[in-house]
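Chemist: Before I ask anything, let me first share the structure, which is written out below as structure tokens.
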Amino acid sequence: MLRVMTSRNFLTIDDFDIRGKTILLRVDMNSPMDTQGHILDDMRIRSHIATLKDLESAKVVVLAHQSRPGKKDFTTMKPHAHLLSRYLGRQVTYVDDIFGTFAKTQIASMEDGDVIMLENVRFYSEESLERTTAEQANTFMVKKLAPFVDIFLNDAFAVSHRSHLSVVGFTEVLPSGAGRVMEKELISLEKGVKSGERPSVFVLGGAKVDDSLRVTENVLTNGGADRVLLTGVVANVALAASGVNIGKANLDFIKSQGYEDQIERARGLLAKFEDKIGLPKDVALNDNKKRVEAPISELNSDSLPINDIGLETIVDYTNEIQNAKTVVLNGPAGVSEIEDFALGTHEIIKAAIKSDFSIIGGGHISVEVAHLGLEHRFSHISTGGGACIDFLAGEKLPGVEALKAAYNKYQEAKKL
């Protein structure tokens with residue numbers, strides 16, 4: 001079955017003879033939905049088309065989830081199967097079951113080229129429990145489904161930071177590898193944090209201060225970046241840590257988000273990596289939704305809310321970004337949903353596409369990239385969210401570690 005052709009530490013579709021085989025494919029098609037159950041953005045569904053096209057000679061059983069228990073959009077996979085059929089150009093059969101008799105009968109009766117989508121895997125209570133790979137392999141879902149399939153492929157990078165049943169459990173008992181989405185995510189992000197050409201610049205923003213500081217610490221400690229340019233709320237935290245009086249309104253916002261303790265953490269990073277961390281020289285204040293430029297030196301206790309980086313900072317940052325060979329962007333530079341305060345984010349995006357290798361970490365900045373129509377100008381736009389952040393922060397992702405363990409297991413078997 002195996003024909004290992006990769007020098008990487010995980011298997012891909014190319015390493016398997018898939019013809020006539022039954023493939024269990026874990027994808028991430030979790031999508032925003034309206035109150036009538038209509039999918040509002042099908043980007044994640046479309047992202048898996050390349051994987052499915054490369055599996056046309058096999059029988060494909062799709063495992064996926066939608067939302068989580070308690071949420072209004074926690075619903076069936078029927079609309080996802082419908083859209084997937086449209087984009088794939090062939091029938092994707094929705095199966096109202098996960099591992100019961102009906103699901104197993106449907107799998108057993110499949111022919112080459114067939115694609116079925118099982119029910120929302122989170123309808124099963126054990127799915128979302130965080131447990132070891134061995135423990136997940138000992139669950140009913142794995143025991144019931146594994147005998148009916150030949151190969152497991154994880155194409156759900158966005159949930160691979162969770163040690164969930166359908167993400168890691170099957171890797172213990174089946175030959176396992178990465179789908180095309182997972183493969184591209186791992187190769188691109190690895191290049192972004194380790195093997196990209198220099199100079200390498202990370203531009204971190206948004207409102208998730210702890211995430212940005214985790215990434216900053218990792219890439220500067222391990223040499224993954226030459227410079228980290230801070231924007232957004234994390235820049236405000238770092239400015240406060242550096243001794244700047246950013247104003248009561250901005251400090252109150254930081255406290256309201258639970259990030260007051262991150263000021264001390266930022267202070268430590270600035271002391272350790274002072275010349276490698278870029279801070280704004282000026283900012284844009286929100287005066288009744290009007291943009292007012294202000295140098296850092298003029299900020300005081302009565303300062304208005306900071307909603308963007310200033311014009312001088314935009315010039316400095318974009319010059320540095322344009323001269324970089326590798327650029328990683330995560331999080332907007334300001335309150336980009338308000339037009340006057342989207343300037344910093346938009347200019348940074350436009351500068352990043354001029355680098356040799358550019359990555360968007362996902363989240364709100366991806367929305368702005370799409371708004372500018374520049375998606376195809378980036379080397380990679382991550383679908384990962386929290387998984388992407390954890391990867392950039394140097395943390396091990398259970399789903400990825402499970403694929404590495406499966407690779408090692410079948411490499412050892414090959415030697416026998």
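Using N, Cα and C of the backbone, Cβ positions are placed for all residues, glycine too.
Not my notes, these are from Swiss-Prot:
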type    : residues                                                               : note
BINDING : Asp28, Met29, Asn30, Arg44, His65, Gln66, Ser67, Arg68, Arg122, Arg162 : substrate binding site
BINDING : Glu337, Gly362, Gly363, His364, Ile365                                 : ATP binding site
Chemist: Which of Asp28, Glu337 (the binding-site residues) has the most other Cβ atoms within 10 Å?
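Modeler: Compared across Asp28, Glu337, the most Cβ atoms within 10 Å surround Asp28.
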Chemist: Using the alpha carbons only, what distance in Å do you get between Ile365 (ATP binding site) and Asn30 (substrate binding site) once rounded?
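Modeler: Each residue's Cα considered, Ile365 (ATP binding site) and Asn30 (substrate binding site) end up 19 Å apart.
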Chemist: Tell me which residues of the chain lie with their Cβ under 8 angstroms from that of Arg122 (substrate binding site), as long as they are six or more apart in sequence?
Modeler: His65, Gln66, Ser67, Arg68, Pro69, Phe74, Ser128
Chemist: Inside 8 A of the center formed by the CB atoms of Asp28, Met29, Asn30, Arg44, His65, Gln66, Ser67, Arg68, Arg122, Arg162, which other residues of the chain have their CB, for the recorded substrate site?
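Modeler: Neighbours found: Ala64, Asn120, Val159.
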Chemist: If I restrict to non-local contacts, at least six residues apart, and a C-beta distance under 8 angstroms, what lies near Gly363 (ATP binding site) in its own chain?
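Modeler: In sequence order, Gly206, Asn330, Gly331, Gly385 meet the Cβ cut-off.
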Chemist: Hey, of the binding-site residues listed (Asn30, Ser67), which one tops the CB count within 10 A?
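Modeler: When each Cβ's neighbours within 10 Å are tallied, Asn30 leads.
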Chemist: For the binding-site residues listed here, His65, His364, which shows the highest count of neighbouring CB atoms within 10 A?
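Modeler: The residue with the densest Cβ neighbourhood is His65.
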Chemist: Which one is it, among the binding-site residues Glu337, Gly362, His364, that lies nearest to Asp28 (substrate binding site) by Cα separation?
Modeler: Gly362
